[in-house]
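The next block holds one structure in the form of structure tokens; read it before the comments.
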Amino acid sequence: MDTAITTCSAVDLAALLSSSSNSTSSLAAATFLCSQISNISNKLSDTTFAVDNTYLLFSAYLVFAMQLGFAMLCAGSVRAKNTMNIMLTNVLDATAGAISYYLFGFAFAFGTPSNGFIGRHHSFFALSSYPERSGSDFSFFLYQWAFAIAAAGITSGSIAERTQFVAYLIYSTFLTGFVYPTVSHWFWSSDGWASASRSDNNLLFGSGAIDFAGSGVVHMVGGIAGLWGALVEGPRIGRFDRSGRSVALRGHSASLVVLGTFLLWFGWYGFNPGSFLTILKGYDKSRPYYGQWSAVGRTAVTTTLSGCTAALTTLFSKRLLAGHWNVIDVCNGLLGGFAAITSGCAVVEPWAAIVCGSVASWVLIGFNLLAKKLKYDDPLEAAQLHGGCGAWGLIFTGLFASKQYVNEVYSGDRPYGLLMGGGGKLLAAQIVQIIVIVGWVTVTMGPLFYGLHKMNLLRISAEDEMAGMDMTRHGGFAYAYNDEDDVSTKPWGHLAGRVEPTSRSSTPTPTLTV
């Protein structure tokens, strides 16, 4: 919606209204009309801001709801004896991340004016003078915090079932307070050195890196951080046998995995479409019904198509490779498609999203095969899914970004996808983003995990790991459940139950209990 109204001049309007006999009355009428037009313009501006702010708040709520999805997905993907532990770490990611992002992270990410490397304006630390010195409002802080804790949640999946609680607290605070905000400043701030939205138009390769909703900024950061945590810790006990063969340590609840996947899917409609930040913006005055609201809808469609294509590709690919239909693999494939399309969701055609999802599925399958070969253990496939598919998403955007959509979303005539005829500048910027994210997370999170390891603060003892952290670290199991009472674990399955005596006689009469 275009709310701009041409400045009203009472003198000019009076000249149109005046007659030779009553010029004074005409000037008074013109002054009154101009005052009314000015009031209407102000009200339209206020309404636009209110609608945009409400849209951003609703998107923030959706992204925050993804934490519930992460919690369910993580809980279902670990063994029952570690359920309370992984649920607590998900709560910790949100709570510790809120404080660290409030105190430092938001300022490092979006504090302006600043340099190209990191935000630094004092008014943004602890929101001391925000939003008075900003063009945004508190809804923007809430939205960006929800993104920051999503990155931390990704990392927790990679190091699940073997990590000390204090290590979660330390890495989560550091990641959301410094590591992630620095990367988001580079690619999303108006001052960032590689941002496609730089205010001075001094763009990397004349383009800037297009990472619209965070395939690199969120998913790669969380995935690469998890990669280093899992590498430093090593695999879980029993994950590989003495001969080095892979042994599946399956999660205890496929139901929770599916529930978590659907919750994440729902939240992604705030993650990707919500990254426009506003909705009442027109693109083409000759098409009054076409504007940013149209781009929001298209972004939701590309997100859906990529995820669904990746899920179906994974379903049939794993059927050919493993010989069965596996719902866990399908859920991971779906999420891999979402992680990949997150970068270019706003600037590609719907048909291209199908290409994105198809390739993302095989990227995930390929990285999982490589992980087994290298004896790398990631209980949730987080590094492979978010790191690998996130990197593919950045490359995909450099190949398939549409000229029309790039110019609408980022304004101006700039490079677009290589395969769409836009040259290789955007692709070069995307490759630079991949390299610097891998490098930055490696030099920050790698030493942190190694230092925790040397101080014996990273991995739990072998005894605690074998018994399960719920019992040894959290006071008891998550479920009132005893494997001895589960007849499905018996050799004879569900066909027979336990035979118990009905009296204390020496020749008891058996009864069958199931």
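Even glycines carry a Cβ here, placed using N, Cα and C.
Unlike curated records, TrEMBL annotations are generated automatically.
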For which of the residue intervals 383-406, 455-478 does TrEMBL record transmembrane segment? 383-406
Checking distant contacts: for the transmembrane segment (351-371), what same-chain residues at least six beyond its ends satisfy Cβ-Cβ under 8 A? 301-303, 305-311, 313-314, 317-318, 321, 332-333, 336-337, 339-341, 344-345, 377-378, 381, 383-385, 388-389, 392-393, 396, 400, 402
Count the Cβ pairs between the transmembrane segment (253-271) and the transmembrane segment (54-78) that lie under 8 angstroms and are 6 or more residues apart in sequence, then report whether there are at least 3. yes
Spatial neighbours of the transmembrane segment (138-159) not adjacent in sequence (6+ beyond its ends, CB under 8 Å) are 53, 56-57, 59-60, 63-64, 66-67, 70, 73-74, 77, 86, 89-90, 93-94, 97-98, 101-102, 105-106, 109-110, 127, 130-131, 167-168, 171-172, 175-176, 180-181, 184, 214, 217-219, 221-223, 225-227, 229-230, 233, 271, 274, 277, 378-380, 382-383, 386
Near the transmembrane segment (166-188), which residues from the same chain, at least 6 beyond its ends, have a CB less than 8 A from one of its CBs? 89, 92-93, 96-97, 99-101, 103-110, 114, 116-119, 144, 147-149, 151-152, 155-156, 159, 194-197, 209, 211, 216-218, 221-222, 225, 229, 433, 436-437, 440-441, 444-445, 448-449, 452, 457-458
The answer for the transmembrane segment (208-232), taking Cβ pairs under 8 Å and residues 6+ beyond its ends, is 147, 150-159, 163, 171, 175, 179-180, 183-184, 187-188, 194-198, 271-272, 274-275, 339-347, 376-378, 382-391, 393-394, 397-398, 401, 406, 409-410, 414, 426, 429-430, 432-434, 437-438, 441-442, 445-446, 449-450, 452-453, 458
